[in-house]
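Below is one structure, written out as structure tokens; comments come after it.
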Amino acid sequence: MPRFGAHMSISGGVSKSFARGESVGLDAMQIFAKNERQWTAKPISAEEMAAFQAEQQRTGIHPVIVHDSYLINLAAPADDLREKSIVAFADELERCAQLKIPYLVTHPGAHTGIGEEAGLVRVADAISRLLAEGVGGTTMILLETTAGQGTALGYRFEHLARLFELIPYHDRLGVCVDTCHIFAAGYDIRDPDTYDATFAELDRLVGLERVKCFHLNDSQKDLGSRVDRHAHIGQGCIGTEAFRLLVNDPRFAHLPMIIETPKGEDMAEDRMNLALLRSLVRITAA
């Protein structure tokens with residue numbers, strides 16, 4: 001069975017996320033390693049690192065995945081913004097290493113007018129520079145599929161394939177597939193035929209072995225809308241059948257599958273979405 005999880009708040013410190021995750025029954029978890037809307041943050045203290053490890057051991061929640069700051073744009077044509085983004089991304093990687101977090105999810109960025117190829121080259125150069133320096137230890141960078149809003153990169157599987165061509169450090173590079181994003185980008189997964197075709201295309205261009213994580217989100221907007229609006233599982237334009245296919249796909253049977261669906265402070269919606277996903281899993285004899 002996949003390891004189902006959700007994105008949890010780090011209010012009060014990164015270690016506090018585990019109690020929240022435990023309260024909604026998470027197997028896996030995604031967090032921000034710092035305030036996602038600020039460029040800088042104070043270092044993680046030794047005490048907080050120890051508390052994080054202790055809470056992870058206590059709860060058994062794993063893996064923990066970090067999503068980087070929304071401010072970071074490694075494709076930015078403006079050198080000052082790009083350099084600021086590279087410094088911030090390096091800090092994200094180092095925080096992951098300090099917390100022994102295996103995966104850092106990032107959107108490939110937005111080219112803001114210089115063109116997709118030029119943007120991809122800038123992203124690849126930035127990531128290659130950091131990985132060449134060994135920043136982040138063994139933490140793997142997961143390139144997330146995007147919906148393709150504006151000039152965002154990563155909405156075509158070809159973009160991911162190009163980044164793997166340009167970045168030589170494949171042991172530190174993987175993929176996170178967001179169901180809402182690929183659907184909004186034009187990849188249909190609503191029935192067995194379209195599901196198989198979409199993942200065959202991803203396998204051909206990138207390789208399914210490079211997929212390390214899923215974001216499970218339904219979509220408020222229709223196929224090919226290029227608009228990123230998450231919906232509760234089964235309540236959007238994708239529908240339940242796609243998620244039934246995904247959670248029972250043996251190729252992804254042990255991967256973390258993280259929901260990023262709308263929720264309030266009591267996280268009741270997380271419990272609802274996770275219960276639905278688990279109910280879709282067919283139990284087979286070992």
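Every residue gets a Cβ built from N, Cα and C, even glycine.
If you look up Swiss-Prot, you'll see His67, His107, Glu144 marked as Zn(2+) 1 binding site, on the strength of sequence analysis. According to Swiss-Prot, the feature Zn(2+) 2 binding site maps to Glu144, Asp178, His215, Glu260, an assignment based on sequence analysis. Per Swiss-Prot, Zn(2+) 3 binding site is recorded for His181, Asp228, His230.
Features recorded in Swiss-Prot, as mapped to the structure shown.
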residue	record	DSSP (3 states)
His67	Zn(2+) 1 binding site	strand
His107	Zn(2+) 1 binding site	coil
Glu144	Zn(2+) 1 binding site	strand
Asp178	Zn(2+) 2 binding site	strand
His215	Zn(2+) 2 binding site	strand
Asp228	Zn(2+) 3 binding site	coil
Glu260	Zn(2+) 2 binding site	coil
Counting only residues 6+ apart in the same chain, whose Cβ is under 8 Å from the Cβ of Asp178 (Zn(2+) 2 binding site)?
Glu144, Thr145, Thr146, Ala147, Phe214, His215, Asn217, Glu260
If you draw a 10 Å sphere on the Cβ of Asp228 (Zn(2+) 3 binding site), how many other Cβ atoms land inside?
21
Counting other Cβ atoms within 10 Å of each residue's Cβ, which of the binding-site residues His215, His230 comes out lowest?
His230
What other residues of this chain sit with their CB within 8 A of the center of the CB atoms of His181, Asp228, His230, the recorded Zn(2+) 3 site?
Thr146, Ala147, Asp178, Cys180, Ala184, Asn217, Ser219, Arg229, Glu260
Take the C-alpha atoms of Asp228 (Zn(2+) 3 binding site) and His107 (Zn(2+) 1 binding site) and report the distance between them in angstrom, rounded.
13
If one looks at the chain holding His181 (Zn(2+) 3 binding site), which residues at least 6 apart in sequence have a CB under 8 angstroms from its CB?
Glu144, Thr145, Thr146, Ala147, Gly148, Tyr155, His215, Asn217, Asp228
Expressed to the nearest Å, what is the distance separating His230 (Zn(2+) 3 binding site) and His107 (Zn(2+) 1 binding site) at their Cα atoms?
16
Listed in sequence order, residues with CB under 8 A of His67 (Zn(2+) 1 binding site) and six or more positions away:
His7, Gln30, Ile31, Phe32, Glu36, Leu104, Val105, Thr106
